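The compositional bias 'Basic and acidic residues' feature in Swiss-Prot is assigned to 514-533, 789-802, 830-841. If you look up Swiss-Prot, you'll see 76, 393, 415, 548, 757 marked as phosphoserine. If you look up Swiss-Prot, you'll see 89, 336, 661 marked as phosphotyrosine. As annotated by Swiss-Prot, N6-methyllysine applies to 774. Marked as region 'Disordered' by Swiss-Prot: 500-577, 783-841.
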C-alpha cells in the first residue's frame, strides 16, 4: 500500500512518500522535486508540470496556472473579478454559476471546471509517485490553506476523486507543518506538563498563514489560526512588475500591459530579481532582449528601494501574528519558538518583521519548501495500516464559527444558534435535539461573514425527511448529529426519530429505566456539555428543559403519581425506539453523475496523452536512427558496407529526413514504426557485421584458452602426474577427442573467416562460437574437475577397561576381579562397553 502526501500549491507542488527509511520528497521526470502547478493544452495532448511551464509564453492563451484559488467560487465572486486582469487565459461562467476555464484543446474550444484542471495536475503527481514507488497510488493526504471554506474544500475533494485518488484527509497547510515539526521531537513535555507553544508562519506565493500550536509528547493541538489570504510572494512580484511597466513606459514608450506575452516575460524576470535581492543588497540589473517591438529593455533595482515600495505589504505582516496571540490568550513570553516556512519568508524584510514582533530569533529547522508535503506524508502514514508510526494525535480547529438556522414553530419565525465557535476543536461531532411533527430544514452558514474571505456565508441546507408526530399527536423528539470531519467539512451526518411506546407493566419492570439510561449514556458519549444548547423549544412552555432532564423528570413524575395507587393497579410502562431518518442536502459540490462524467473524461485525456507520447516516441526513434546511421556509415561502419550499399542507404536516410519535416510531420504511430523497420532492414545487417567483428576475436580467444587448458590436463595425465592420476583413462580419451575436434573446428572457421570480406556476412557467427564453448565445457569440465577419492586413515582398536591399573587397592577386591573376568569372557553390548568408562571417570 502506498503512502503519499501532496502539497498542492498555488505556484508549485511537491510529493512526498513514506518508505521504510522515512519520508522522502520525490523528484519528477526532470529530476526536480518541485513540479509547477501548470497545465497546458495543445492540439493533440496536454502538457502538465514542467513541460507546461515552458509553454507559458509560447502558448499563453491555453496554459493555465494560478487556478487554485478558483475552487468553489462563483464567476461573480469579487476575487475572481479581480484576478481576471492577471490571467493570460480566459475564464467563463459555467451553467452552475461557478468559474470555468476556457481553452482550445484538440482543435476545439473547451470549458473545464476548476476541479477538472486540478484533477489533471493531481493525475500528473500521481504518475510521478507511481514511477518512483513502482506500484499504484490511491491513498493520499492533500494540503489546503487553513482559510479554505466548506465549498472550497468540497471542490478539492471532488478533484481528488476525478484523479482516481482516495484522499484520506484534507490537511491544513500549517497543521501539516506542525506535524512535520513535532513528530520527530524527543524532548516534548509530558502530557500532564505545561505544553510547548510554537508559532508556525507560512508565507507562500499567494497567501500568508499563521498558527499557534501546543505540543505535548505524542500530541499536537492547534490553538488558533490567522491569515491574510492575498499576501504572498506574488504581491511582491507585482510591485516590481508595476514599477518596471511604468519605468519602461516612460523610457521606451511601451505599453507593456497591452501585450500579455510581454507582461508574462516581465513577471518571470521580476520574480528572479526578487529572489536575487533576498541575497544581495547591491544594485541588480534587469535586462530583457527583444522585449517588445524588437526593443531591448534594461533597468536596475536594489533591496532598499524595493522595501520602500513594499511598505504597505510589510505592514500587513504583523496583524495575523497579533491575532493568533489574542485568540489563544498567550503572551509573547509563552511562545517557545517561531518556525517559518514558505518561499516568501526568505525575503529579509519579512523575516525581520516577524522576528521583531516576537522579540526572538526565528527558527528555520524545517525545509521551507517541503515541510507541508512531508507533514502530509506523515499524516498519511499515521492513517495507513501499512505503516507503524509513533502515536501522535492531531487536533485541528474550525477557522470560522458555524451556525445553524431553522424555522421555529414555537417562536413563529427563524431561530439560530452557533454550533461550532471559532477555533473549536476538529474533527468533532455534536448531537442536537429538536421537537417536530413534520419534516424540517436546517441551514448551515458561517456566522461571521466579515471575517470570511468568501462572499457567500451559506454552507449548505439539510432537510430532515419523514418526521411524524407521536401516536398521541405530540411532537416527536428528533436527534440530529452534526459534524466537522477530518477534511474540515461540515455536514449533518445523521438524524433519528425517537418513538415512545406506552404499554402495561411486563415481567421485567426495570427494563424501561435501563433503556432510558442507555439512551442517555449514548447521547452523552456523542456530545460535549453544550450539545443541547440549540434544541428547539417544545409547544408547551413547561417542557422547556434539556432532553435528559425532561426524560428523568417525566419518569420521576410518573412514579410519584403511581405511588398512591392500589397495589393491584397496573403501572404504565414507557419504551422508546429510534428510527433513522433520510436527509436531503443542497451543497456546493459536484453530483455523482458529473463526477462520473469528469472521471471518464480524465481517463480519456490520459489515454490520449499516452497515445500522443507513443506517437512522438516513434517519430523521434526514426529521426534518431537517421542521424545515428548517417554518422556511423562514414565512421565505424565504413569497412562493413560496400560502396554501392552505402550510397543507396545514405540516399534512403536523406529521403527519410526530408519526409520527417514534410509529409511525415504528423503521421500515425504505425507509419513511423513501419518507416523505422524499413530503414533497419538496410541498416541492421551492417550493424550486425560490425558487432560480429567486434565480438568474434574475443570469443575465439576464449575458445582457444579452453582448448589449451584441456590439452594441458591431458598431457599431465599422460605424464602420470599425481594431480590427475585418479582420472579414468576412457574419460581422458573422451576429453582429448572433444578438444581435438574443437581445435580443428576453430582453425577451419578462422581460416575461412580471414578470407571473407568484411562487407559480407561472416562465415561463423558469435552464437556458434558460444555454442561450441558451451559444448566443450559441458563435456570436459566435469571430467577434469573430478575430485580425488578420499583416503580413510586406519581405524584404531578400542581400548579395554582392564588396561587401566587398579586404583587405591581395588585390584585386591574379589568382586572387582570377578567383574574384570566377566568383562574378559563375556561379549558386552554397546551399553555395557560404556559402563566401565563411566565408572572410571
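Quick reminder: no glycine exception, Cβ is built from N, Cα and C everywhere.
All features noted in Swiss-Prot, drawn onto the structure.
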{"residue": "76", "record": "phosphoserine", "CB count, 10 Å": "12"}
{"residue": "89", "record": "phosphotyrosine", "CB count, 10 Å": "19"}
{"residue": "336", "record": "phosphotyrosine", "CB count, 10 Å": "15"}
{"residue": "393", "record": "phosphoserine", "CB count, 10 Å": "10"}
{"residue": "415", "record": "phosphoserine", "CB count, 10 Å": "15"}
{"residue": "661", "record": "phosphotyrosine", "CB count, 10 Å": "9"}
{"residue": "757", "record": "phosphoserine", "CB count, 10 Å": "11"}
{"residue": "774", "record": "N6-methyllysine", "CB count, 10 Å": "10"}
Between residue 393 (phosphoserine) and residue 415 (phosphoserine), the C-alpha gap once rounded to whole angstrom: 36
Secondary structure of residue 393 (phosphoserine) (DSSP, helix/strand/coil): strand
Residue 89 (phosphotyrosine) versus residue 415 (phosphoserine) - Cα distance in angstrom: 45
DSSP three-state assignment for residue 89 (phosphotyrosine): coil
Cα-nearest neighbour of residue 757 (phosphoserine) within the listed modified residues, 76, 89, 661, 774: 774
Using Cα positions only, nearest of the modified residues to residue 661 (phosphotyrosine) (76, 89, 336, 774): 89
Using Cα positions only, nearest of the modified residues to residue 76 (phosphoserine) (89, 336, 774): 89
Three-class DSSP secondary structure - residue 336 (phosphotyrosine): strand
Collapsed DSSP category at residue 415 (phosphoserine): strand
Length of the line joining the Cα atoms of residue 774 (N6-methyllysine) and residue 89 (phosphotyrosine), in Å: 67
Cα separation, residue 89 (phosphotyrosine) to residue 336 (phosphotyrosine) (Å, whole number): 46
